[in-house]
Each structure stands twice: as structure tokens, then as C-alpha cells.
Amino acid sequence: MGWKERKATRKKVASDRIKELLKFSELHKDDELLSTNSIKTAVAISRRHKIRIPIKSKRKFCKKCSTVFIPDKTVRIRTGKGKITYTCLNCGHIKRIPYLKEKKEVKNKKLEI
Amino acid sequence: MNHTILLGKNVEVIQCSNRYEVGIKGLVIEDTKNTIKIRTENGVKVLIKNNIILMVNDRKIDGNLLIGKEEERIKRM
């Protein structure tokens, strides 16, 4: 096996492992230790082997303390000024995401009508 | 490419250099470079990978083969 094949198999194994770990943490939301540790290992694998985590799954946990977001228990979600703010109730970290694309789509639909 | 996955599996200790640790059963919570954390009926126990033989998925595995963080173990095999 040349080094190119070895690299390809290593990347494939790592990306499969990341997907399994993200699913596993969704299943065991009630267990704090299991879910946080599985997200921590997923992030560590992606850092070590240079593999990106998909955007939609990045919004399901806190970047600082790796707790899974459960509305009303671990996170506070509010909207205002064109942005959604997620506040982690464990560590206090704040994340703000704009939603301009959705606003434009609604405007375009109204103009068509 | 088969590296053993420990997080979330049920595990039992078969052999150990410390005779009071033989027979511990439980669910693996955490997996670090040299240790494993197991949740048993009596609480959380920390085991050292160096001097242990484990039973995982009906297979016997030596603890010396499991040393290292998980992202390093993927490279190995």
C-alpha cells in the first residue's frame, strides 16, 4: 500500500467515526457526561485529521463547553435585530447567527404575488 | 482498519494486577490516554489501561493495545 492509499483509508475511517459520534450524542441527550465526551472526541478527531464537521450539526452544541443544546434546559433561544442568539446556560457563551437569506426569500415571494 | 471503540460500550474486567478490581462491570463514560472511566452500580471507577485485560463485545483485549487517545489510535492500524 502506497502512502496515498493509506491516507485515503485513514480519512475515510475518521469521517465515518465522526458521523457515528454525532449520532450517538443525539441519541443519548439525557446523559450529560456521555454526550459531552462524544462531542469532544468528534471535535478532536476533526482537528487532528483535518476534516470539516457539517454546518447543520455544528449548531447543535456549544463551542466552548461541548454541551448538547436542549431548549429550556441547556440553552436560551431568542430572535431580534435580524439575528438568532443562542445562550448556553452552562457556561454563558453566546452565539449569534443572522437569518438574512430567509428574509430575502419571503420578500421575493411577496413581490412575485 | 479495525481500532476498538470503547465509548458507550459495556465492559468487564477479567484479569488485573490489582485483585480487587477483577469483576468490575459497567458502561464506559470517558476514554483518555492511559485510563478508562466506568459507571458501575456503586459509582464511577477509574481504571488504568496498563495492567488490565478487558472483555468487549465478547472479545478479549489486552489493555496495552489500547493506550493513546482515540484520534491517535485511528492512525495506528
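The backbone N, Cα and C atoms fix where each Cβ goes, and this holds for glycine too.
Under a cutoff of 8 A between CB atoms, and with a sequence separation of 6+ in the same chain, the neighbours of A:C62 (Zn(2+) binding site) are A:F69, A:T74, A:V75, A:C88, A:N90, A:C91, A:H93, A:K95. The feature Zn(2+) binding site is assigned by TrEMBL to A:C62, A:C65, A:C88, A:C91.
Remark: A:C65 (Zn(2+) binding site) has A:T36, A:C88, A:N90, A:C91, A:H93 as non-local neighbours, by Cβ distance under 8 Å and separation of at least 6 in sequence.
Annotation note: A:C65 (Zn(2+) binding site) sits in a coil segment as assigned by DSSP. Each of the binding-site residues A:C88, A:C91 was scored by the number of other CB atoms within 10 A of its CB, and the lowest score belongs to A:C91. Neighbours of the Zn(2+) site: apart from A:C62, A:C65, A:C88, A:C91, residues of the same chain with C-beta atoms within 8 angstroms of the site's C-beta centroid are A:K63, A:K64, A:S66, A:T67, A:N90, A:G92, A:H93.
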